[in-house]
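Engineer: After the structure tokens below, expect a handful of questions from me.
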């Protein structure tokens with residue numbers, strides 16, 4: 001059953017059109033009429049019986065079919081009767097023909113489904129009371145709806161040995177119904193061939209053949225698509241039932257993609273994180289870091305204000321004392337003697353509040369941890385630092401050139417889009433930078449940034465590929481811009497993009513230039529006028545420094561004067577907190593309603609799922625309280641008022657789920673002429689080369705035991721983190 005779909009995936013042929021609606025043939029211009037239980041519906045030729053039924057709102061039961069995966073047709077649960085046909089047909093795989101009358105609830109259809117369900121349940125264990133899939137199990141629901149009320153099976157049930165495929169996905173393979181969704185997901189979406197089947201008939205098993213870790217940054221998604229309890233979450237095992245939890249729609253901040261998520265909580269604790277559908281960003285997938293790093297929200301948290309005593313030790317204190325100390329110091333300095341550094345997990349509301357606070361003392365010394373060139377157009381033009389084509393726009397591109405980036409681990413969901421387009425749309429991919437293990441074939445052009453200048457001048461062989469491109473896309477990794485020649489690299493890419501526009505038939509509305517960011521706060525910070533990088537602080541060390549969630553280690557105590565007063569405000573005791581003279585505990589992304597802007601410039605909101613631990617408070621509220629004690633009260637008291645202020649400074653920050661048009665590429669190219677354009681020959685090396693570098697990149701994931709287990713499993717093998725099962 002699997003050979004044809006997997007073969008298609010491996011050779012890059014498509015058995016589905018672009019997007020997520022799939023047909024099995026070429027769509028003609030004329031619609032054809034079919035009938036579903038006597039109801040007329042017009043569909044395109046090649047539409048399957050199942051799709052035609054869904055068009056009129058008729059749900060057909062299925063286990064193996066998934067709208068984003070190839071058709072396997074091996075569970076047979078979707079059998080329906082076609083009027084005047086001798087036998088029932090598999091609705092997921094059979095294309096409709098003109099005039100067909102599909103009978104979804106005939107006696108023949110019901111009997112067929114009942115028979116299939118009986119065979120599925122024959123070997124399925126009665127684990128429902130102890131199965132983590134209970135309450136959201138397709139087999140439970142469909143056996144109730146379409147199965148028989150009694151069993152005729154009296155023999156012994158078969159049992160299958162469980163597989164250890166790592167610290168994230170728990171396997172109880174006796175429950176497996178061989179739908180092969182996990183195999184097709186791994187091969188087609190994740191781009192790894194770790195999963196497969198062995199044996200046949202009653203002896204068929206799904207697994208890795210040789211016991212090893214399921215090595216993918218998207219592996220947790222097999223938990224969602226598994227229709228039974230064969231694949232479940234190891235960290236979530238035996239902790240809660242779905243009906244006990246409260247679901248809060250939010251967004252992820254582990255990278256700059258802004259994946260939509262659902263945070264499940266119980267009694268003030270995050271129990272698990274699931275994906276939420278958003279066609280333009282993450283479809284219905286999320287990365288493993290997004291899904292499993294939530295246990296880091298419970299560890300190494302800052303729960304009370306702290307001050308450094310005479311002995312140099314940090315001790316707990318009250319909010320009044322901590323804020324009074326900070327306010328007293330703030331009143332002693334003004335101008336650029338006061339500075340601030342914003343970290344990667346900071347929300348836009350806190351960024352604008354801190355900006356207003358420092359502006360009140362005549363300081364504009366506001367920096368981000370991430371470096372971005374400010375020469376030429378720099379950050380003055382928004383199109384200069386965004387993924388202008390958008391994430392979904394990758395599906396329209398015909399050529400993608402990756403420069404100094406590894407999207408597989410920097411932005412896994414963006415990488416999944418590239419693979420989807422490569423698989424289905426014959427996308428050509430090339431890479432300039434260190435060779436990395438991507439999930440699709442690519443042409444490695446070399447690792448020197450000088451290749452950019454060769455392409456711009458027309459001397460490189462890749463120019464022939466670009467000449468034929470109608471919708472080329474250049475993706476420049478933000479880490480490539482953090483080198484000493486970052487500005488020259490940005491100019492080289494900008495010049496190359498303009499040359500592509502001149503020499504090819506690229507439409508004026510198509511955006512070629514794209515920057516792929518790695519951290520969630522960077523775009524909002526640049527929108528609000530923060531200076532990228534901390535070089536200005538190193539050159540002119542301040543007397544007072546605010547570290548707002550700054551845990552990247554971009555500045556150390558040795559870079560600052562001994563008498564510099566440091567205030568750390570954040571939610572984890574990570575890199576920044578030990579440097580501080582005063583610590584102000586803030587709220588994590590699951591504990592506040594906050595605005596984040598993703599790499600394509602799309603503003604989105606997190607929602608309050610749980611309350612902050614201990615005495616921790618939302619960041620903008622802490623800054624507002626500090627301003628009042630310091631006698632420079634900020635002009636807002638509520639979240640709505642803060643967002644009104646956001647709109648004054650940068651209106652796009654409150655246009656939620658909307659992308660503003662960016663078209664200032666010609667102006668950026670002209671300003672680039674003012675920049676030193678000499679690039680170094682040093683190779684472009686992305687910071688996240690392997691999957692080991694993917695798991696622990698911020699204060700939350702570094703505090704996560706699950707992420708630490710993943711790193712150990714990758715380096716030492718899945719057996720190194722194997723835990724005894726109680727089930």
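Including glycine, each Cβ sits where the backbone N, Cα and C put it.
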Engineer: With 176, 179, 182 listed by Swiss-Prot as [4Fe-4S] cluster 2-binding, which of these, 131, 226, is given for the same site?
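Structural biologist: Looking at 131, 226, the one Swiss-Prot places in the [4Fe-4S] cluster 2 site next to 176, 179, 182 is 226.
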Engineer: Pick the one from 92, 128 that Swiss-Prot also lists for the [2Fe-2S] cluster site with 64, 75, 78.
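Structural biologist: According to Swiss-Prot, the candidate sharing the [2Fe-2S] cluster site with 64, 75, 78 is 92.
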Engineer: So which of 499, 539, 607, 673 shows up as N6-acetyllysine in Swiss-Prot?
Structural biologist: 499
Engineer: So which of 84, 428, 592 shows up as N6-acetyllysine in Swiss-Prot?
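Structural biologist: Record lookup in Swiss-Prot returns N6-acetyllysine for 84.
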Engineer: What residue among 29, 70, 461, 699 has an entry for phosphoserine in Swiss-Prot?
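Structural biologist: Annotated as phosphoserine in Swiss-Prot: 461.
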Engineer: Which of the three DSSP states, helix, strand or coil, fits residue 84 (N6-acetyllysine)?
Structural biologist: coil
Engineer: Residue 124 ([4Fe-4S] cluster 1 binding site): which of the modified residues 84, 461, 467, 499, 709 is the nearest Cα neighbour?
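Structural biologist: Of the modified residues 84, 461, 467, 499, 709, 709 has its Cα closest to that of residue 124 ([4Fe-4S] cluster 1 binding site).
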Engineer: With helix taken as DSSP H, G or I, strand as E or B and everything else coil, how many residues of the domain '4Fe-4S His(Cys)3-ligated-type' (108-147) land in each class?
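Structural biologist: Across the domain '4Fe-4S His(Cys)3-ligated-type' (108-147), DSSP assigns the residues as follows: 27 helix, 0 strand, 13 coil.
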Engineer: On the 0 to 100 scale, where does the mean pLDDT of the domain '4Fe-4S Mo/W bis-MGD-type' (245-301) fall?
Structural biologist: 96
Engineer: Out of 124, 467, 499, 709, which of the recorded positions has the smallest number of neighbouring Cβ atoms within 10 Å?
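Structural biologist: Comparing Cβ neighbour counts within 10 Å for the recorded positions 124, 467, 499, 709 gives 467.
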Engineer: According to DSSP, which of helix, strand or coil covers residue 461 (phosphoserine)?
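Structural biologist: For residue 461 (phosphoserine) - judged by DSSP and reduced to three states - the answer is coil.
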Engineer: At the level of the C-alpha atoms, what whole-angstrom distance separates residue 461 (phosphoserine) and residue 84 (N6-acetyllysine)?
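Structural biologist: Roughly 60 Å, rounded to the nearest whole number.
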